[in-house]
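Colleague: My questions will all concern the structure given below.
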């Protein structure tokens, strides 16, 4: 019995021992090679299962390394801690678990070179000298930190002092280099390496930020430009501020170089004093392989020519195992091009941060940075390489956050790659088949296997050699402010359906493509240095016919376009024909350039036109109108730049939109051309999906060959197509009192909604209509294509096919709408008697017959057809306010229609009324367009007396007394009545000007009097001005008072402008010129700033007593009211996101040389409490000022709680004061208490000057946030960070919090699933 128990105990001990050491097995190899250690790359990630060998094999250098003695109180490296340490020769050391050592390179009299340093505990390197090693292995749980440069030597290099010809070979080539197997590596240099620069002259540049002090160093830099993507060396001298560099002994800086980057490069062979190396930056030499859920942080490091993987087809090392012993390798087939030997190869690591680093490779490699199932945040870095890609993102890489990086690629020849690739793969397959005949257990290394069944490069995970910026298989990418130049594709996506074949994972979440999100904001792409082909893409997608779950894309393409194309299948050559016009798939044979701004996103499977079964002709329109674009963030401009013929003077642009309503509120749509608004906040309202067409004219006065068309919406209106027409001056059709339709409409849908009055017909005989369709249920998103939609001339023809059956009903509807809009007589206007010296035309009496109206019109020689004049974006003149009372006649107080009292009214066209007219509506020859502000427009009215009596005629024209937006220019001659003889005709001319954005839709009266009796009829004026920043005061409706500032008589209301909820800031006009100048300054600044984190300026308006500033409305209120007055408790991650958005906005303002002057939570508006998109925007620019040539502004009228010490000292308000105020606001948001509430308000200036800062609950704030706060409000203003630095730190903090939250939610979900499974099992058992 005892023997059986002992046997079981021994068996258990053996099992436990085997289990504990299963991850690290010793693999014996043939003579001449290192024995290998087998490492499970993802042993604890159960979702990854594979039938193939995915283990990692690295040289067994740690097993016999010298292990340190752990001596209490000794935490610094000394040789005596490692028994057997040889001070005269190479050593391999092992930092044991639970031990921590500090290596001070400069304090040691001897420079120690290590063959291997294995870290299972903690190892820190400090000092100014390089840390020289052959291999650094960070074991699971180990931690390595260094502020010194790391220099690698090759132990087999015959020139090296430690060369030993008996050193065995590393079959996989991990060393020299770094191997991280699940620990933490942090290599951070103190000084910046990469700088942005602007050209001053051929031999001088200005860099940003300024260089750090550089004393006694070899001042050599490498300059990268578009002409020289690999850079060139320069010596230099700098000014005292270290911003202006005078270049010596180098190539000139070309005027054509728009992108200039500067790198401080330090090499070992430079004559630099070791004590000064620290000041010039750190270099890292050696291939780096990171795996096993490691934590990675590199900052200000230089990775130079580390990559060994060439741009040739992969050829990996293969191990031939003994069929009788899984730990014995019988043969090694050495690979010639292993895929993981890039400068930096990272896999299965979700916490990777790279900041301010430089990657440089002038040899032809595959890529400097390769990611496999890893997430990375990379910022402020430079990647210049002669490679297939700057970055390759393989399976499972779910997130790349890239900001302010420069991706530079040298032109490469890819012509022979595909042929060589297939030949190589076929050879590899033959080798694999032969090997498999010998051993069924033949395995490849590191998930880098050539699959026998794969015979093309993509199926073998051999990709990214085409000349890409970022080549991606599955990640979500957020690119913000990056610069790409020289690539064939800036972003190249490849979706492969059978991931198990390629990733060797048979049961994995990677088997299905995940949702894709690509967001590109303010990034630029210049393909100047690529291979010269016209087929260059910012974004390219190759799906091989596979579908992803969903796709959320922002795209920007710079390739040439067809006039029209389909979007169903990019690889198809399908064409469809409408009336002989062809529409083709894709844009590979395009004719004419078109780009779409980077802040847009695609939506697929929009409601289909073909659902309208009564329109047999439009069945195929599904393929044209099933996709559309809109902005990522609400109310942000999406800009379409399209090519036109510079020799054609007049154009008509037609945009076709699909409205998918998200609620019952109207959606405002604004359209701009060349930065000039054409439609502003036009409300689109429907309860079901609707198509809307907008058409406008453009006069190409400057012979442009490309125009910018933009639109803004809250996100539920999609631009599905665009058509451009060249046009000529078209004379208006003959007008008659009674319009007779020329076409009979055919059957139309019964549910067609009322047409929007702003929609206009195209220049053809076929009309425009709206088509309403039912919204499709369960829309399944498809892969969005890489080409942003811009359908040109032929689209208009297709639209006409859709809509030609609605001509008469829409014409009547438009007319009825106009009449309804003008049916109300305005009161409170001054009476104007219109008098015009009559032009009497004698004609014979015609008893019982009507006058010939056609002849009346033919006599009118004043009708013209002015073409719309497009101006530049509204200048200061357009928004200029006046504090002088307007003296124009429209500011009267009498009733315009008071003289109509006791007069009999007749309907227009009544047979009993004695007069006839050539038109009922005065449109001032605009023909559907809008007039420009301040444009003088003219019209005339032919009046015919059809009676036998002479009449006295008065024309009573309405006036606008509220805002003065309507100015009657020839009012001085309308001061008395005139006579009109029987059967005579006269012409009355009208001239007026609209001085703001307004709709002048009014009735005017024609009053006739004879023999003591009076009668009148009404005609109409229908004029609308173009959109601008100067609004009509009467169209602004205030509803709810939000805030008031009584001393200055400033009030803030919630209101409405043309059915759009807005914030209205109303000022009372006073005699105080200073107060009025302040209002003008706020208007000027608002009109210039345009950023997603700054409240959107809609316009301003003025009447006799008040000025209004209108901005977008934040329904959540201010951040100050949210934290102090609301019962809602904000989470920590919400607060960080809100202040991150604010910091981004202030970064933009400071870059525009604008100081806000009044930063506090009350001036941060909350638009969304979600932690995605834009949550907070900056408002209230009453204290803002443009610095211009000045370095500071005078003390603002700001709250003392947020003013810094230097302002109280009288130094003026600078950018640093904004940073101080932001720090105080960040503190207030975190602790939710008014800053300085613990002291008397009047004591704040003195206490702040003495260095006192808010202390209440400061110690409860998160350490990272508290450091930001303390840096912001530090007394020395020169030490305060910039907002770009603040934004970066908040961005990193937010990303970490978001990652933790997602992990927590995933853990909770898994727990709930397991609990539910257990409950189900218990139920089954019961």
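Yeah, the Cβs are placed from backbone N, Cα and C, and that goes for glycine too.
Model, not experiment: these values are computed from the prediction.
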Colleague: Looking at the candidate ranges 321-369, 370-418, 419-467, report the one that Swiss-Prot labels region 'Disordered'.
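Modeller: Based on what Swiss-Prot states, region 'Disordered' spans 419-467.
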Colleague: Look up region 'Disordered' in Swiss-Prot and report which of 699-730, 731-762, 763-794, 795-826 it refers to.
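Modeller: Of the candidate stretches, Swiss-Prot labels 731-762 as region 'Disordered'.
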Colleague: Between 625-650, 651-676, 833-858, which stretch does Swiss-Prot give the note region 'Disordered'?
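Modeller: When 625-650, 651-676, 833-858 are checked in Swiss-Prot, region 'Disordered' belongs to 833-858.
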Colleague: Within 10 angstroms of the C-beta of residue 1050 (ATP binding site), what count of other C-beta atoms is obtained when all protein chains are considered?
Modeller: 17
Colleague: State which of the following binding-site residues has the fewest other Cβ atoms within 10 Å around its Cβ: 1042, 1044.
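Modeller: Minimum Cβ neighbour count within 10 Å, taken over the binding-site residues 1042, 1044, occurs at 1044.
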Colleague: Mean pLDDT, the topological domain 'Cytoplasmic' (804-1326)?
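Modeller: Value for the topological domain 'Cytoplasmic' (804-1326), mean pLDDT as a whole number: 76.
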